[in-house]
Structures are given as structure tokens and as C-alpha cells.
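S.K.: The structure under discussion is supplied below as C-alpha cells; questions concerning it will follow.
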Amino acid sequence: MTATAQILPNTLEQNSDNISKKPLLGVNVDHVATLRQARGVSYPSPLAAALLCEKAGADGITIHLREDRRHIQDADVYEMAGQLTTRMNLEMAATTEMLEIACRVKPYWVCLVPEKRAELTTEGGLDVAGQLDLLKDYVAKLQAAGIKVSLFIDPEDKQINAAVTCGADAIELHTGSYAEAGLAGDIEKGSVELERIKTAVITAKRIDSKLLVNAGHGLTHDNVNAIAQIDGIYELNIGHALIADALFVGIEQAVIMMKIAMHR
């Protein structure tokens, strides 16, 4: 738990101004499922956690249905689709199986991400430029089913251009390198990575003013504010750090704390 977490007011009413500000906060509850799967039992429930996050002011819920089903399971996706009161953002790889699931569930958002079975977490952005034809067709099929599509990409011009060519409704900029620099205490690299993200937002809006620009990966109370202050960022998706704080303060308070950290 960070120093920030120890001094914040702890009620929704005290923080109503922060709750309603942009960028929006999407909460990833994958690691509630990670804890459940560690014992192969039926608890804790990602759905119950998601509903508490919504109650505390989360603007959306993100879940990643991986091909290896290491945390979120198919049943979680269907449960949430029927009970969330905000927007479901379903992260998934661009496979035939996942397309079929998404078209049945019809989440508000699908965010296409790269996957490697050996990785602990998503290690980088999707190479949209390198598989343009495949992804353009895939995006079109999702949109034909009434689903908005986001592409998780590195903050690079070629990937932004490719995402626009694909017809994506949004991009999510990978903030992992920025976050890792901060954890390593590398202030110079952190500044460089922050500027890359700022430039990417400007580039995206210049190419397509209607394109929504989200960001996420590795964001914590200590590093989120600089990203949240970037003009043009629509939503931040945060999971691991928020769920970690929830172990100490409860999940509703963790959501409130993250909103305050974003807008302090």
C-alpha cells in the first residue's frame, strides 16, 4: 500500500468531484480470478468484485479471457455480460474462438491484445501494422455484431496509423515501459516514455479526431497522475495495482483512491 493510500478520505461522498472527472477509470478484475484459480475453488467472485467497483465509481470493467484460461473463465464473461451496470471491456486475442465468444456475449468493448502462453502478463502492444489485413477483417466482424473495438498498441506512429486504417473505434496505448522506468527509478527514461505517450495521443487525434485514446498497463497510484493529465486521454484501464491495494483497504476504497490519484 502506497503512502497515498494511507491519507485519502474514504467515502464516495467526500470524493464525488474526483469520481465524475475524465479520464474515465476502467477496472480490470482479472487478478480476483487469479486468486480463485490458485485454489481451484469458486471464490472470490470476479463478478462480485466488479459490482463493488461499479458501486464505488468505476466507469467500466475490464476482463481478459486468455486462450489458456489462466484466470478469467468463460462463465465469468457470460455472468458479467448479464449483470454489469457500466460497460464491459473484453480483452482477447484475435482468434476464431474468441470472435465466436465475443459475438455471442456482445460486450460493449472488445480490446484486441497480443498473447504469449509463457508470459506473466501482456508484454507489449499488438503489431497491427504487421497483420493489417487480418485485423481489418477481424475488426469489421466485431463491429458488424454491434461491438466497439479497441486495439492495444505501443505508442508508435506506424501502429496508430495502422489502427486507424483498420477502422478501430479506439486505441489503448501501452504504458508498460513508462511504468517500468518508474519502478526502476530511471527518471530520465520515465520522462522519455511519458513524452512518447503524449506525442502518440497528439498523433492519434491529428489522424482521426473521433478516435478514442485509452491507456493502461502497469499504472499505480504513484505514476497514474502524469498519464491522467494528458489532454485527449479518454480512459485508463488499471488492474493489478488496484487489486493489490484492495487487499489492505477493500476494493471500493481502492477504486476511490485510484480516482483521486488520477485527478489530484
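Quick reminder: no glycine exception, Cβ is built from N, Cα and C everywhere.
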S.K.: Name the one residue among G57, G82, G190, G218 that Swiss-Prot lists for the same 3-amino-2-oxopropyl phosphate site as N28, R39, G239, H240.
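M.R.: Answer, per Swiss-Prot (3-amino-2-oxopropyl phosphate site with N28, R39, G239, H240), from G57, G82, G190, G218: G218.
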S.K.: What subset of the binding-site residues N28, R39, H240 lies within 10 angstroms of R66 (1-deoxy-D-xylulose 5-phosphate binding site) at the C-alpha level?
M.R.: none
S.K.: Where's the emptiest Cβ shell within 10 Å among the binding-site residues H31, R39, R66, H240?
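M.R.: So among H31, R39, R66, H240, the binding-site residues given, the one with the fewest Cβ atoms within 10 Å is R39.
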S.K.: Given the recorded positions H64, H71, E172, which lie within 10 A of N28 (3-amino-2-oxopropyl phosphate binding site) by CA-CA distance?
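M.R.: The recorded positions close to N28 (3-amino-2-oxopropyl phosphate binding site) (Cα within 10 Å), listed in sequence order, are H64.
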S.K.: Can you tell me how many other Cβ atoms are located within 10 Å of the Cβ belonging to G239 (3-amino-2-oxopropyl phosphate binding site)?
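M.R.: Around the Cβ of G239 (3-amino-2-oxopropyl phosphate binding site), 23 other Cβ atoms lie within 10 Å.
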